[in-house]
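Student: Got a structure for you, written out below as structure tokens; questions coming shortly.
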Amino acid sequence: DGSEKECNLPFTLIGPHRCEKTAVPNKKHRRDESIGNPISNKRERKDDKRAQKEQKERDKRPRRDMALIPSSSPVASAETTSHQTNSAANGNASSLQGQPPQPQTNGPSSTTTNDVAVSDDMTVNGGDEPATLHGHVHIIQPEEVIVLQGHDTEVYSCSWNPTVPNLIASGSGDATARLWQVPQTGMQVPPPIVLNHLPNLNDNKDVTTLDWDPSGMLLATGSYDGQARIWTPRGELRWVMTQHRGPIFSLKWNKRGDLVLSGSADNTTVVWDPETGDMKQQFELHEKAILDVDWMDNTIFASCSTDKTIYGWVNDANKDMARPRGRLAGNHDGVKQYHYWLRDEVNAVRWDPTGEYLASCSDDKTAKIWSPSQDTWVQEIRGHEMEIYSLQWAPRSSLSSPDIPRILATASFDATVRLWDALSATCLHLLRNHSGPVYSISFSPDAKYLATGSFDEVLNVWNAEEGTLLKTYRGNGGIFEVHFNKTGDKLAACTSNRQVVILDMREESS
């Protein structure tokens, strides 16, 4: 699954070596570890089975892919080199750790041909058939990216400022968030502003989530120790907000920027006043850890949990508190009085750009579309073979015609991403160029491109309309999160190798 493992048995050159491994937790492992005993044994068994299955898939996929590509094709050469490199890395992981850091500049390569030509007859368009390489795929070289270095451990989250297109925030397990000014091509990266999240309430110091307010003047961060904070772009700490008793997994500003919402492993959501740092209301209806929260507008929000439920709330401006909007929960296929019961944990919720529909994804391998105007789901989306970890709606203007399909992207532990016409549950494209769990996806602001990041260390950029691969970059760490900036000319990926990688997208967006 892309996590670092340490073998406890001696190595021998005589006969095959079978590792006895101790895993270093990745992002989902850390999240599940903090939730506690009710699901820990089940999760460990599931993760072990998943790791075994994914290792078999990784072993088979290079052979399967090579069978599709002519031996004379540059793609075949690239895939062979990549596979050999990975094999060498597995045999001697310390050699990777000893490599010098990548330079923090961005410049074109003068000696390497980066475009790979692929024949049209290799493309399968739409539906449940995989969208494969088409036309010219740009293999991004290390010299073409900007690497932001400075964090001491994994970088779990990143977020571009909504008004300053070259300002990005990153959050790490080293108890810091950092504010970076991303330079133009070939220029030196200036030192970041470091936002120290110390002292901690306990030994857990990860900065797990962060979000800019709509004006770009305030940054909210959430930590594994349960504290939320408000910062200025100059690195000044406004407030430390302490109410949660467990890790904060999700934190969002409302559309107006006058409320902050947080969801925690302590089973509660909290609405904060960013002007004073005070808690306005705490909600305790969930029975287990809250994994995600999202605002529909300035008053209505949704939360989802490992208790297999989704709650919808509306904030009452006249009473300075919130009341239940409805409970969308539990068995992802039965309904009783706003109780939408799902079959398994609900990993993420997202309102569509118009606020008419709420999408959710679950460990039951499905996504569902909900509407506040009816008691049951509008549509059930099936097709993935493993848990769906993340989902994103394609950007959509309020002036868009109602006839234009509402496009939803889903990312799964089955190593694929799918693009859907959400209201008809039609799979438009199956995007398959990863060999590990896909943790994060991001649409460009104009919805033309979709970025996908996986723990296989690969970042892909796709044409969202055609479902074809445009660019691909292989880093040296699993990718936790990807994010386009507001103008769509830069794409960020934060990694397990303590880095934030910046891709220049101006060529594709022009």
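Think of each number as a place in line: the chain as shown, counted from 1.
Every residue, even glycine, has its Cβ placed from backbone N, Cα and C.
As annotated in TrEMBL:
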COMPBIAS  41-66  compositional bias 'Basic and acidic residues'
COMPBIAS  70-96  compositional bias 'Polar residues'
COMPBIAS  104-114  compositional bias 'Low complexity'
REPEAT    148-182  repeat 'WD'
REPEAT    200-231  repeat 'WD'
REPEAT    241-282  repeat 'WD'
REPEAT    344-371  repeat 'WD'
REPEAT    381-430  repeat 'WD'
REPEAT    431-472  repeat 'WD'
Student: Quick test of the contact rule: Cβ under 8 Å, at least six residues beyond the ends. What residues does that give for the repeat 'WD' (344-371)?
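Tutor: Distal contacts: 39, 291-297, 300, 302-306, 308-310, 312, 328, 332, 377-382, 384-393, 395-398, 406, 408, 410, 412, 420, 422-423.
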Student: Same-chain Cβ contacts of the repeat 'WD' (241-282) under 8 Å, 6 or more residues past its ends?
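Tutor: That would be 31, 34-36, 201, 204, 206, 208-215, 218, 220-230, 288-295, 297-299, 301, 303, 305, 307, 313, 315, 320-322.
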Student: Work out, from DSSP, the number of helix, strand and coil residues along the repeat 'WD' (200-231).
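Tutor: The composition, in the requested order, is 0 helix, 16 strand, 16 coil.
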Student: Could you count the residues of the repeat 'WD' (148-182) that DSSP puts in helix, in strand and in coil?
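Tutor: In the repeat 'WD' (148-182), the DSSP-based counts are 0 helix, 20 strand, 15 coil.
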